[in-house]
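Listed in Swiss-Prot for this protein:
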{"type": "BINDING", "residues": "His109, Cys156, His159, Met164", "note": "Cu cation binding site"}
{"type": "DOMAIN", "residues": "73-171", "note": "domain 'Plastocyanin-like'"}
Amino acid sequence: MAAITSATVTIPSFTGLKLAVSSKPKTLSTISRSTSATRAPPKLALKSSLKDFGVIAVATAASIVLAGNAMAMEVLLGSDDGSLAFVPSEFTVAKGEKIVFKNNAGFPHNVVFDEDEIPSGVDASKISMDETALLNGAGETYEVTLTEPGSYGFYCAPHQGAGMVGKLTVK
């Protein structure tokens, strides 16, 4: 199952805003009983200006945009049950989306793109780990961003014979 990582988004708190009301409570004797006079609405004001609200809105929008840009496709190297597999083994990403391959177990793994199963013009050595380089510990990662649309076949060099292969599509 794929996981998506993202940046933390902080949403501003409005707990500092206070309602300003008259400190002197009005009683029936201080309220005009005249039905012909128009009553003024109560004087309520927020101790925050429109400018402050605008700054908060812009900051919130910027946080959301930055968090969206920080999203990445996460692929586990090794399943939770110990199987030698990429999880997911087939997936699709957008052109320019970051892909994070994460070692899910203590087995040594790597990510090598098959030069015969990538779009023409793409250099497999520039997007692959070296076949002798390994992610040895759980949590270690390898990141790649693919910009050329097409299908990409990849494998784990130490476990390719055991069927640890995958395929991704860049749209």
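From the backbone N, Cα and C atoms, a Cβ is placed for every residue, glycine too.
In terms of local Cβ density within 10 Å, Cys156 ranks first among the binding-site residues Cys156, Met164. For the recorded site, His159 (Cu cation binding site), the DSSP three-state label reads helix. Taking H, G and I as helix, E and B as strand and the rest as coil, DSSP gives the domain 'Plastocyanin-like' (73-171) the counts 10 helix, 38 strand, 51 coil. Least packed by the Cβ count within 10 Å, out of the binding-site residues His109, His159, is His159.
Cβ atoms within 8 Å of the centroid of the Cβ atoms of His109, Cys156, His159, Met164 (the Cu cation site) belong to the same-chain residues Leu77, Gly78, Leu84, Ala85, Phe86, Phe107, Asn110, Tyr155, Ala157, Pro158, Gln160, Ala162, site residues excluded.
Taken together, the residues in the domain 'Plastocyanin-like' (73-171) have a mean pLDDT of 96 on the 0 to 100 scale.
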